[in-house]
Amino acid sequence: MAEANTPHIAIMPSPGMGHLIPFVELAKRLVQHDCFTVTMIISGETSPSKAQRSVLNSLPSSIASVFLPPADLSDVPSTARIETRAMLTMTRSNPALRELFGSLSTKKSLPAVLVVDMFGADAFDVAVDFHVSPYIFYASNANVLSFFLHLPKLDKTVSCEFRYLTEPLKIPGCVPITGKDFLDTVQDRNDDAYKLLLHNTKRYKEAKGILVNSFVDLESNAIKALQEPAPDKPTVYPIGPLVNTSSSNVNLEDKFGCLSWLDNQPFGSVLYISFGSGGTLTCEQFNELAIGLAESGKRFIWVIRSPSEIVSSSYFNPHSETDPFSFLPIGFLDRTKEKGLVVPSWAPQVQILAHPSTCGFLTHCGWNSTLESIVNGVPLIAWPLFAEQKMNTLLLVEDVGAALRIHAGEDGIVRREEVVRVVKALMEGEEGKAIGNKVKELKEGVVRVLGDDGLSSKSFGEVLLKWKTHQRDINQETSH
């Protein structure tokens, strides 16, 4: 139970590993400040997956995890988008959250602050009823946050589907973006996912503040614009990068010997390939990537999942149900056995990116993976699949210069020749060297912003001070 004078913070991510992982890092950062008590509140439509439990088990024992009863989504079609399921799970968890807060209130251990993620704004109703201060931790970047804050206005002023917009959208401080590159969730305005996201973004103004997982060296213009005061815009705190930097990451066992294999490779010679906890490729695309890697002649570690026609099919459970090796081209493993290591479902990504033999990362550009690569100074090949990954790619390729973009053909398939081209460009070409230098600069920027006097540390300190003050105010009210 939280001590009366100790600020008690409850944090509640939406379902999916990509949302859970940064919230776990936020919880760890909070308890490093020994005057905070943290409770992780976990919602879902099923009991937590093995991968989720392993991440939660890595938390310090001082952080309590509370699992809410599964939300009832029996009326939601199986074809519904993952965002629909995630947002409905959050909203339909409100009764269970209310019951939890009621119980904590009786025990005098109610949190002073509730931090939800981008899909959890409906939890504000419960927070306000219990006089708990509502905040958002936006686990993506400042460019996408700016888009989310702009979405209600965009919805009012644009009548067509966004992909038909003839001019790029220009939000202050952000990379201009064409409608077809907007995040997937808004590409069909009749879909429930769009309506639910719009509903959430309209409620962002109710938050007392928004923490964003980015930093000024990476997005100086977007962060500056977000921090300009405006009506109905909460204070934005850039506190990133919040990533797992542990050299002994207990979440993920190295069952397939990735690190010992890397130990035997030359310095800066290995390309790491992973599409995150949620990404999958179609059978045809899986095959083209495999052949392209073999034909490139470069060393690689490739994390594979069984192909699927749905690119986000492993979003809620990153482990393949079928044997992914059976989908590899005949002879692929023999052809690449001297230079490649193929790993099913999951690998110790943080340690792989930190290893001196790793020289590049072919990634879906999920924000957690992007930050992990930047923190370790590893240049990127951008292969966006779903969610806001096209927007992340635009930021990294066109604005920051930290990634090369891989290009699909008109049929949507990245051909083997393109795989060979971009892999060689990163690992051999002048363009790859320039990107490598830029990422090394960003890595140095990370050290600066997270230092004692760094901008992210100061920003985090500001929000912590607000939370301490709010807890003190609550204590004074209850003592009278």
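Heads up, the Cβ atoms here are built off N, Cα and C, so glycines get one too.
The UDP-alpha-D-glucose binding site annotation in Swiss-Prot covers Ser277, 347-349, 364-372, 386-389. There are 26 other CB atoms within 10 A of the CB of Gly366 (UDP-alpha-D-glucose binding site), with all protein chains counted.
Within the same chain, residues at least six positions away from Glu388 (UDP-alpha-D-glucose binding site) with a Cβ under 8 Å of its Cβ are Ser140, Val144, Leu183, Asp184, Trp367. Taken residue by residue with DSSP, Gly366 (UDP-alpha-D-glucose binding site) is part of neither helix nor strand, so it is coil. Around Gln349 (UDP-alpha-D-glucose binding site), a 10 Å sphere centred on its CB holds 26 further CB atoms from the protein chains shown. Long-range Cβ proximity for Ser369 (UDP-alpha-D-glucose binding site), meaning a same-chain Cβ under 8 A and a gap of 6 or more residues, is found for Ser274, Gly276, Gln349, Phe361, Thr363.
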